[in-house]
């Protein structure tokens, strides 16, 4: 009898017990996790690259976009060489994991597991088993990598238009190592805030509060933009800015939808709540602009969209739809008030030049979302996601009252750590590399810093060069004063 023909299907595509399809692998979960990671990556590249390059004055378009582009690449390498395990590996301290590479084949192809996430009762019994998603470590490493990258890029929004690019090159790995990894391990990787039950579904504290506070702190140490840039800083391309904002919004489906680490019903709730809150916040911000400034600002609408996305993030899969609307109303009004009213009256905020208002859109909105999550987290939804059983928000009674206190303490830790560590990083870098560009670079912009320009036109604010720009007199330059949201930036 003739032997059967050899199996023509490569091992990678064979089912059953093939090495590439182990029994613990859920292809649906793995596919969703990689799609979610890609969506979050697209928020940064090209999303924020386009948004930053378009929302700034023309002479800073290249520099601003490249700060985001460079940070993404730098974080990827630092993450896989040492930072991933500091965030999600074995415990070194209650707030920090042990550094180590995430590059070996044996590590990356085994089932994903976060070793410090086993939740135990006081008597030693297991309350919630260790998180072990049904896909390989490689998917987890990449998913968490894009979150780390976007945090640095959001932080960059505070220092656009004057931070020395070489100083930024040093800042990115240092801040990732000594700040981001601490917040990630403490709240997500099995650190002390994770086990205490502080709720941060998808990064309201780890990403947004930390980037907003660290951005404001870095802006303090770098110093303000040039006086001319602070007086007038119009976006060079509003339509492209909207394109970048749209990528940011749609990419948030992966940002919040991927954080249950599985394609489950909680993931669906998170995606729906994200869009409900963002839409509500955008509308409220726009209405406030119309009421107080008489015009619906496009930049204001983008800011409102962002604050809604940020506010819902810590509770996206934990709150009901009606709570998402309330959170949207508050995220469209509270950060609007701090940006448009408080900012203009508080001397400290006036002195610190936060270019894109990251403190308001991310720190204020992130802390607001964290506290509101402690208020509105629904018990059944909490049971689908959180390691601490019987968790609930304040409106549901029982232990809910203490949850608000936990949220405030968790926020205070992130704020305090970022102020101190970011300040130390800035001071240390400034000993070696000036944090701030030279006066000539501040005057000229992209051409002086990179030798490149965004458009083949004479840019706003460049040093005049008759051989390059032709005979154009200075009095032709527009000098109108901006109002509303553009004035803040």
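Just so you know, glycine gets a Cβ as well, placed from its N, Cα and C.
Here TrEMBL flags 31-53 (among others) as transmembrane segment.
Mean model confidence for the domain 'Ammonium transporter AmtB-like' (31-455) is a pLDDT of 96. Taken from TrEMBL, the feature domain 'Ammonium transporter AmtB-like' applies to 31-455.
As annotated by TrEMBL, transmembrane segment applies to 65-84 (among others).
For the transmembrane segment (140-160), same-chain residues at least 6 beyond its ends with a Cβ under 8 Å from one of its own Cβ atoms are 33-34, 36-37, 40-41, 43-44, 48, 52, 56, 60, 63-64, 67-68, 71-72, 74-76, 79-80, 83-84, 87-88, 102, 108, 112, 114, 133, 168, 172, 175-176, 180, 184, 203, 206-208, 210-212, 214-216, 218-219, 222, 255, 258, 261, 354-356, 358-359, 362. As annotated by TrEMBL, transmembrane segment applies to 140-160 (among others).
For the transmembrane segment (172-193), the list of distant contacts is 70-71, 74-75, 78-79, 82-83, 86-89, 91, 94-97, 114-118, 144, 147-148, 151-152, 155, 200, 205-206, 210, 214, 410, 413-414, 417-418, 421-422, 424-425, 428-429: same-chain residues at least six beyond its ends, Cβ to Cβ under 8 Å. Among the features that TrEMBL reports, transmembrane segment is placed at 172-193 (among others).
Residues or ranges marked as transmembrane segment by TrEMBL: 205-224 (among others).
Below 8 angstroms of C-beta separation, residues 35-40, 42-43, 46-58, 61, 147, 202-203, 271, 274-275, 278, 298-299, 302, 305-306, 309, 313, 454-455, 460 of the same chain, each at least six residues beyond the ends of the transmembrane segment (236-255), sit close to that stretch. Among the features that TrEMBL reports, transmembrane segment is placed at 236-255 (among others).
Annotation comment: TrEMBL describes 267-286 (among others) as transmembrane segment.
Here TrEMBL flags 298-316 (among others) as transmembrane segment. Under 8 Å from some Cβ of the transmembrane segment (298-316) lie the Cβ atoms of residues 51, 55, 199-205, 207-208, 235, 238, 241-242, 245, 248-249, 252, 255-256, 259, 269-271, 273-274, 276-286, 289, 323-324, 327-328, 330-332, 335-336, 339, 357, 360-362, 364-366, 368-370, 372-373, 376-377, 484-486, 489, all in the same chain and six or more residues away from its ends.
Among the features that TrEMBL reports, transmembrane segment is placed at 322-342 (among others). For the transmembrane segment (322-342), same-chain residues at least 6 beyond its ends with a Cβ under 8 Å from one of its own Cβ atoms are 272-274, 276-285, 288, 292, 300, 303-304, 307-308, 310-312, 315, 349, 357, 360-361, 364-365, 368-369, 372, 376, 378, 484-485, 488.
Residues or ranges marked as transmembrane segment by TrEMBL: 363-388 (among others).
Marked as transmembrane segment by TrEMBL: 408-433 (among others).
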Of 65-84, 205-224, 408-433, whichever stretch has the most CB pairs under 8 A to the transmembrane segment (363-388): 205-224
Listed stretch, out of 65-84, 267-286, 408-433, that has the most CB pairs under 8 angstroms to the transmembrane segment (205-224): 408-433
Other parts of the chain folded back onto the transmembrane segment (408-433), taken as Cβ under 8 Å at six or more residues beyond its ends: 164, 166-167, 170-171, 174-175, 178-179, 182-183, 186-187, 193, 198, 200, 205-206, 209-210, 213-214, 217-218, 221-222, 363, 367, 370-371, 374
